[in-house]
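Chemist: Quick paste from TrEMBL:
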BINDING   A:CYS550, A:CYS553, A:CYS556, A:CYS594  [4Fe-4S] cluster 1 binding site
BINDING   A:CYS561, A:CYS584, A:CYS587, A:CYS590  [4Fe-4S] cluster 2 binding site
DOMAIN    A:541-569  domain '4Fe-4S ferredoxin-type'
DOMAIN    A:575-604  domain '4Fe-4S ferredoxin-type'
REGION    A:1-21  region 'Disordered'
Amino acid sequence: MTHALRQGADEPLGAGQSRPMTGNEAIARGVWEAGARVAAAYPGTPSTEILESLAAYPAADIHAQWSTNEKTAMDVAIGASFAGARAFTAMKHVGMNVAADALMSFSYIGVNGGLVVAVCDDPGIHSSQNEQDSRIYARFAQVPVLEPSDGQEALEFTRTAFDLSEEYDCPVFVRSTTRLSHTRSAVTLGARQTPAARVFEDNPRKNVMIPAHARMRHGHVLAREARLREALSDSPLNRVEPGDARVGIITSGIPYTYVKECLPDVSVLKLGVTWPLPDRLIREFCEGVERVIVVEELEPLIEDALKAMGIACDGKAFFPREGEFSPEIVHDGLAKAGLMPARVHAAPFEFAPMVRPPVLCAGCPHVACFMALGALDARVAGDIGCYTLAVVEPLKSMDTCVSMGSSIANAIGMAKAGTETRPIVATIGDSTFLHSGIPPLIDAIYNDADITVFILDNHITAMTGGQDHPGTGRTLRGDPAPRVDFFALVKALGVRWVQKVDSYDTASMQRQLREAVAHKGVSVVISDRPCVLDPVRIKGPAMAVDQDSCIACQACMNLGCPAITWAEGWHEGRHKVKIDPEACIGCSLCAQLCASHSIKPADIAEQV
Amino acid sequence: MDKRNRTTNVLIVGVGGQGVIMVSKVLAQLCQEAGHDVKQSEVHGMAKRGGGVFSHVRFGAKVWSPTIPEGEVDILVALEWAEGLRWIRHLKPETGTFIADCQKIVPPFACRSRKRGAEPAYAPQTPEEIIDQVHAGYVMDATGLAANLGNARAANTVLLGALSTALDFPEEAWAQVIAATVPPKSVQINARAFAEGRAWALGGTKRIDVTASGLQKSRAEVHHPQVETVVEITADWCKGCDICVKSCPERCLRLNDQLKAELALPDLCTGCQLCSWLCPDMAISVTNTPVQEAAS
Ligand SMILES: Cc1ncc(C[n+]2csc(CCOP(=O)(O)OP(=O)(O)O)c2C)c(N)n1
Ligand code: SF4
Ligand code: SF4
Ligand code: SF4
Ligand code: SF4
């Protein structure tokens with residue numbers, strides 16, 4: 001997909017046109033229409049496509065880049081804002097944890113060129129390690145957070161966010177969720193604005209956060225929040241939809257669409273800004289209805305604020321605090337609140353569906369790495385990426401996974417605890433290593449930890465759909481870039497035992513790992529084979545199983561390769577196996593494991 | 001839910017890489033061109049890793065929720081049989097239409113059992129059982145039809161042809177959107193695939209392709225007696241070369257303190273005999289004795 005986007009860098013569609021866009025594409029369009037000049041991000045589902053979409057706009061309009069991590073991306077955007085340009089960064093919810101340090105101080109400093117942060121939450125944990133609610137970060141940093149409900153609002157709110165940012169001298173959040181980011185709806189486009197030209201403002205008392213300045217700025221932040229709170233009561237971002245006055249529902253974002261689906265005639269206060277809350281508007285709305293219900297996904301941010309204001313309301317008493325909402329869940333909550341009849345469950349089909357968990361691709365270079373770790377009986381501190389799938393059957397060779405970049409330091413701690421009898425190995429993907437693996441590796445060397453670090457270099461950020469990074473030699477726009485040499489980098493940090501291994505050679509992989517763990521101190525093994533899916537799909541000649549000699553030992557099945565399944569035939573009560581020639585990429589791992597030599601390249605197998 | 005604002009709900013499901021998103025994009029584009037409000041929602045977090053993919057398409061005068069409430073799906077289009085069954089509960093009980101390709105994509109996870117006689121844990125339901133219970137249903141060999149035309153990947157367009165018979169858009173409008181969506185060099189084949197799918201579905205409101213018999217319970221009546229396995233290791237002959245330990249598929253062997261092989265996890269041993277065949281010193285013997293099965 002990234003490829004198509006890069007090629008599509010022709011004239012952006014003109015104003016007035018209407019087309020279906022995902023929430024992410026609409027946010028990108030909003031950034032471009034607002035006249036932003038710099039955008040930086042680190043990929044993370046469901047936010048990734050925002051920067052990929054921005055890369056389809058002319059390079060002369062906007063510089064768009066992948067950064068090494070979210071804090072770096074945030075700091076790049078902050079730098080651009082200092083320099084007077086409108087700037088943008090996007091991240092998934094947990095990316096905000098990484099970027100928060102810069103954000104918290106920058107909230108005190110405020111902007112020169114407007115700065116907007118798109119943060120995409122993942123209620124329901126479709127593809128994340130938790131489901132934290134980013135609106136709480138906005139409250140914490142005392143900056144406004146805008147919550148669009150569909151594609152059109154995603155575009156318009158993003159554009160408005162830049163104006164708010166400059167008017168109130170603060171960074172502004174646009175909060176999306178997986179559902180909004182990945183839903184297509186009709187969006188009418190606007191024209192690109194040319195914001196007033198600004199240059200760097202020499203003002204150390206505002207721009208340099210030493211204690212004396214920061215103390216002063218904190219007061220500004222509080223005053224700014226009070227001004228916003230007041231102004232937002234009259235802003236079109238928040239709107240009352242009058243209706244049946246027996247109940248008033250306060251909601252925002254995607255849950256608003258579920259409320260309208262269930263109760264189209266009820267009185268609604270639709271909050272486009274969920275922090276700071278428009279006190280005056282809320283009081284007026286609540287006085288006009290007999291009963292107040294708050295419908296919000298994840299944390300009771302609005303509900304708690306209402307209760308602090310002394311307004312009686314219900315929210316989490318009826319709606320869950322965890323998981324993604326759906327029209328069904330909102331219906332159930334409204335039914336519990338007595339506002340509509342309960343759903344009738346008329347399901348004639350009462351069978352449990354087949355399980356189909358995600359798996360590593362056929363020929364994935366991570367497979368042999370984890371086969372080898374399993375054979376080594378190592379204690380494996382894992383990290384986040386495609387390779388985290390090694391935690392489940394059949395590889396089952398990862399013991400921990402916390403957050404991006406945690407593996408190496410987790411391994412240091414395990415080693416220093418002195419309780420472990422097995423060799424300790426940290427596994428970390430190339431993109432994750434560049435994101436946050438280098439400081440902990442330095443830590444390991446500095447503190448002489450007896451660990452092995454296994455860098456799984458598949459030459460791409462695979463998990464999020466194949467994004468470039470400083471180790472791929474290409475930028476977001478596909479231009480050539482210098483390429484990080486992991487071997488030289490690790491050497492330069494002071495690691496004395498470093499080896500590269502071929503992910504498709506199980507024997508040497510096992511030997512190298514055995515030597516690595518035998519080495520006292522920090523050793524580093526770097527696996528080196530490209531992902532078979534991105535940036536180009538790899539497809540070699542397929543392997544085939546000789547049905548006469550296969551003894552159904554199932555050794556090859558232990559790879560979990562999706563190209564290998566059971567054949568019709570049996571051997572001693574177990575199914576022999578077969579290989580799907582369309583799916584097999586010919587990595588040969590299964591052939592290396594087969595003790596009866598039944599797996600050969602399909603063309604050879606045919607001749608025999 | 002709201003009766004005045006009638007929304008049409010189409011759910012498209014399949015496995016990563018099959019083209020679920022292509023099908024839903026074609027439909028969404030068609031709806032928009034016909035002047036409907038439309039929302040198309042998908043979650044593709046783990047899609048390309050072989051997991052299930054689904055996409056909701058809703059259209060009407062005004063669409064609120066991006067997802068279809070359970071039991072409100074008017075048409076369920078399944079690019080893979082078991083995925084269709086996963087979502088069939090979501091079909092509207094009295095009026096829903098079920099359109100499925102009979103092709104099976106068996107995940108490796110379905111082949112994990114090591115028990116004697118174990119069959120893949122794939123959906124056991126037959127097309128007849130399912131079609132009986134829906135208002136209108138089609139189980140077609142879309143992949144086979146497309147393969148006959150020269151490209152199995154056009155199976156999703158065959159299904160679009162079947163889908164077109166259940167919705168009120170003119171045939172030319174479908175043709176135009178499909179032609180604009182697929183790569184230029186496959187426009188012709190997709191046009192034929194669409195026509196075939198459409199013609200096939202016009203043959204009745206409940207139809208099952210004969211080739212869908214691949215989904216029938218063809219459980220061969222092979223009897224696999226349970227066995228008792230004994231692994232004997234002659235310690236004197238074992239020289240600790242580690243070959244059996246490394247090659248046992250179940251990892252149930254290990255070298256003990258004296259560097260002699262021993263069966264550490266006998267419960268996992270399947271009696272496959274690999275260790276005895278591979279041991280260069282013939283130190284291992286594996287015997288499988290059939291046991292009398294309790295009548296259960
Ligand atoms: C702080 C944070 N940012 C982003 C993500 C999203 N994310 C998960 S894994 C991953 C990258 C994985 O790339 P790599 O380490 O190269 O492993 P691969 O998937 O290629 O195997 C990203 C960006 C995240 N989980 N946490
Ligand atoms: S996308 Fe690449 S890294 Fe991820 S599982 Fe597939 S081959 Fe492996
Ligand atoms: S060679 Fe074997 S392990 Fe590799 S992709 Fe083909 S079937 Fe899978
Ligand atoms: S490893 Fe070889 S003998 Fe064993 S099941 Fe696979 S193909 Fe058959
Ligand atoms: S018979 Fe097979 S499963 Fe049992 S110990 Fe030997 S190699 Fe392992």
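Cβ coordinates are placed from backbone N, Cα and C, and glycine is handled just like the others.
Automated prediction, rather than curation, is the source of TrEMBL annotations.
Each of these features: where is it, how hidden is it, and who are its neighbours?
Modeler: Within the same chain, residues at least 6 positions away in sequence whose Cβ sits under 8 Å from that of A:CYS553 ([4Fe-4S] cluster 1 binding site) are A:ALA595, A:SER596. Reduced to three states, the DSSP call for A:CYS553 ([4Fe-4S] cluster 1 binding site) is coil.
For A:CYS590 ([4Fe-4S] cluster 2 binding site), applying a Cβ distance below 8 Å and a minimum sequence separation of six or more within one chain yields A:MET543, A:CYS556, A:LEU559, A:CYS561, A:ILE564, A:ILE579, A:ILE599. A:CYS590 ([4Fe-4S] cluster 2 binding site) falls within a helical segment according to DSSP.
Across the domain '4Fe-4S ferredoxin-type' (A:541-569), the prediction's mean pLDDT works out to 95.
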Chemist: To the nearest whole angstrom, what is the C-alpha distance linking A:CYS584 ([4Fe-4S] cluster 2 binding site) and A:CYS550 ([4Fe-4S] cluster 1 binding site)?
Modeler: 18
Chemist: Please report the Cα separation of A:CYS550 ([4Fe-4S] cluster 1 binding site) and A:CYS587 ([4Fe-4S] cluster 2 binding site) in Å, rounded to an integer.
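Modeler: Rounded to the nearest whole number, the Cα-Cα distance is 19 Å.
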Chemist: Sequence order please: the binding-site residues A:CYS550, A:CYS584, A:CYS590, A:CYS594 that have their Cβ under 8 Å from a chain B Cβ, otherwise just none.
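Modeler: Answer, by Cβ distance to chain B: none.
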Chemist: Do any residues at least six apart in sequence from A:CYS587 ([4Fe-4S] cluster 2 binding site), in the same chain, have a Cβ closer than 8 Å to its Cβ, and if so which, in order?
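Modeler: Sequence-distant Cβ neighbours: A:ALA362, A:GLY363, A:PRO365, A:TYR504, A:VAL532, A:GLY540.
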Chemist: Determine the binding-site residues, out of A:CYS561, A:CYS584, A:CYS587, lying near ligand 4 in the sense that the CB is under 6 Å from one of its atoms, and give them in sequence order.
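Modeler: By the Cβ criterion, which requires under 6 Å to ligand 4, there are no hits.
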Chemist: Which binding-site residues of A:CYS550, A:CYS553, A:CYS556, A:CYS594 contact ligand 3 in the sense of C-beta under 6 Å?
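Modeler: Qualifying residues: none.
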Chemist: Take the mean position of the Cβ atoms of A:CYS550, A:CYS553, A:CYS556, A:CYS594, the recorded [4Fe-4S] cluster 1 site. Which other residues of that chain put their Cβ within 8 Å of it?
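Modeler: For the [4Fe-4S] cluster 1 site the neighbour list reads A:VAL545, A:ILE551, A:ALA552, A:GLN554, A:ALA555, A:VAL577, A:CYS590, A:LEU593, A:ALA595, A:SER596, A:SER598, A:ILE599.
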Chemist: If you count the other Cβ atoms within 10 Å of each Cβ, which of the binding-site residues A:CYS550, A:CYS556, A:CYS561, A:CYS594 comes out on top?
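Modeler: The residue with the most neighbouring Cβ atoms within 10 Å is A:CYS561.
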